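Structure, as structure tokens:
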Amino acid sequence: MTSTRKTNPLMKLINHSLIDLPTPSNISAWWNFGSLLGACLIIQITTGLFLAMHYSPDASTAFSSIAHITRDVNYGWMIRHLHANGASMFFICLFLHIGRGLYYGSFTHLETWNIGIILLFTTMMTAFMGYVLPWGQMSFWGATVITNLLSAIPYIGTDLVQWVWGGYSVNSPTLTRFFTLHFMLPFIITALTTLHLLFLHETGSNNPLGIPSHSDKITFHPYYTIKDILGLLLFLLALMTLTLLSPDLLSDPDNYTLANPLSTPPHIKPEWYFLFAYAILRSVPNKLGGVMALMLSILILTTIPALHMSKQQSMTFRPLSQFLYWLLIADLLILTWIGGQPVSYPFITISQVASTLYFTTILLLMPASSLIENHMLKWT
């Protein structure tokens, strides 16, 4: 008799996605981050739901409602810090997941890659809005600075900013709409994740060698479910260590001060996971140019499949491309460090050099190195 999981319409869907899914036998731990991102999303939605039960999205009460959650709600301090540090872990997994896609050439699955980029944008937007909700100094000024970038758009910029703010400055209407969107977007992210998986399962997973693996597949369960559970346990160990031993390690002390429109913090900066893009924004002296560079720093990912000149999919056997890949990673780390520094010499110069190197590496050096490698292997 055929198993229920193979006949029941709902079970069949789960079976084809998580149990009998044919998976390459040689995928490494770098393929764990997809499931970890799913775990992050579940953690964020769950903790966020409990926080929303006690949060008040109004400029006069938001800050005190956060204090109330931390002090008076049972395990409120833990739920709050799990949510804040969960966002940091989410972005660590996200960056590693994208990095793996770049290294092993997973971007050749176009629909999966492009939905992934939309997911990245949506997650960044959700995280930014979440950062505004505690209504501390950095929340308020971060919201003011970043939303103000819309004013760089010709003709409609100023009207657009006032429309987003719901007034002539960041105030209660801004906070209310940001809370509404911050609550709603994770469910859109969940829907996009389902699409991402749907398109991935159309083509099947890539593997470290970058070659077709149709002749050598194994079932997802039990082999990769066990592997993913191990990854999940290590992830939870890191998250709980961060949350319980050093909950404020990645947050800004200024956010423990109530938002004050009359007092500007000495150094306005976003959360650490946006610092690389913030550094690129600040490295351009012109406002519109900076906004365009900021958008392009993420949108450049859409050009990667078109810039892929190599005859090999993966970088496993391409030492020249590997060198440029790690140069790009080092460059992004420098940009992240610079984004947290004040706007003064020598940081301005470093950020301009690092930003130029970022775009040059992706647009020119990597395609050129691929062509050189093809020529060296006489694959031209």
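Just so it is clear, glycine is given a Cβ too, placed from its N, Cα and C backbone atoms.
These figures come from a predicted structure and were not determined experimentally.
Quick look at what Swiss-Prot annotates:
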- 33-53: transmembrane segment (TRANSMEM)
- 77-98: transmembrane segment (TRANSMEM)
- His83, His182: heme b b562 binding site (BINDING)
- His97, His196: heme b b566 binding site (BINDING)
- 113-133: transmembrane segment (TRANSMEM)
- 178-198: transmembrane segment (TRANSMEM)
- His201: ubiquinone binding site (BINDING)
- 226-246: transmembrane segment (TRANSMEM)
- 288-308: transmembrane segment (TRANSMEM)
- 320-340: transmembrane segment (TRANSMEM)
- 347-367: transmembrane segment (TRANSMEM)
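Sequence features, as recorded in Swiss-Prot, placed on the structure.
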residue	record	Cβ neighbours (10 Å)
His83	heme b b562 binding site	20
His97	heme b b566 binding site	20
His182	heme b b562 binding site	21
His196	heme b b566 binding site	21
His201	ubiquinone binding site	14
Between His97 (heme b b566 binding site) and His182 (heme b b562 binding site): CA-CA distance (Å): 23
Contact set, same chain, for the transmembrane segment (347-367): CB under 8 Å, 6 or more residues outside the stretch: 279-280, 282-284, 293, 296-297, 300, 303-304, 307-309, 321, 324-325, 327-328, 331-332, 334-335, 338-339, 341
Intrachain residues whose Cβ lies under 8 Å of the transmembrane segment (113-133), provided they are six or more past its termini: 55, 57, 62, 87, 90-91, 94, 98, 101, 106-107, 139-140, 142-143, 146, 174-175, 178-179, 181-182, 185-186, 188-189, 192-193, 195-196, 199, 270-271, 273-274, 298-299, 301-302, 304-305
Stretch of maximal Cβ-Cβ contact with the transmembrane segment (178-198) [cut-off: under 8 Å; candidates 33-53, 77-98, 226-246, 288-308]: 33-53
Recorded stretch that, among 33-53, 77-98, 288-308, has the most CB pairs under 8 Å to the transmembrane segment (226-246): 77-98
Contact set, same chain, for the transmembrane segment (320-340): CB under 8 Å, 6 or more residues outside the stretch: 99, 102-103, 269-270, 272, 274-280, 282, 310, 347, 350-351, 354-355, 357-358, 361-362, 365-366, 369-370, 372-373
Inter-residue C-alpha distance, His97 (heme b b566 binding site) and the residue listed as 'ubiquinone binding site' (nearest angstrom): 17
Remote residues contacting the transmembrane segment (33-53) - C-beta distance under 8 A, at least 6 residues beyond either end: 69, 79-80, 82-83, 86-87, 89-90, 93-94, 96-97, 100, 183, 186-187, 189-190, 193, 228, 231-232, 235, 239
